[in-house]
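According to TrEMBL, the feature domain 'DUF7866' maps to 70-120.
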């Protein structure tokens, strides 16, 4: 007998041993399953008895702590000049993020309320 025949025979023995071992495992697991199935009839999932809800007390507490934000506005004093007459007027600017011709996300301060329509009506400052 040469080395080649010896390797073939040992490989065949190993394969047969693995097949027998797998058959033995299959038979033992089926007998275990049948024994357990007689003891346990079925599994019934339990209903979750807890339901989570936001309580009115918690909601009121959160609203009291929450910052209320107003639209951002910056009011400055501007000089309004007509010819040689200059007047000091309040001018308020707000943030505008929907500018025509600009990409999304570009924002700028734009005048919202400026009392600079009639510069001669207010008190003048040199």
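Including glycine, each Cβ sits where the backbone N, Cα and C put it.
Keep in mind that TrEMBL annotations are predicted by a computer and have not been checked by a curator.
The shown structure was predicted, so the numbers you read here are calculated from the model rather than taken from an experiment.
As a summary of secondary structure, the domain 'DUF7866' (70-120) carries 0 helix, 29 strand, 22 coil according to DSSP. Confidence over the domain 'DUF7866' (70-120), given as mean pLDDT on the 0 to 100 scale, stands at 77.
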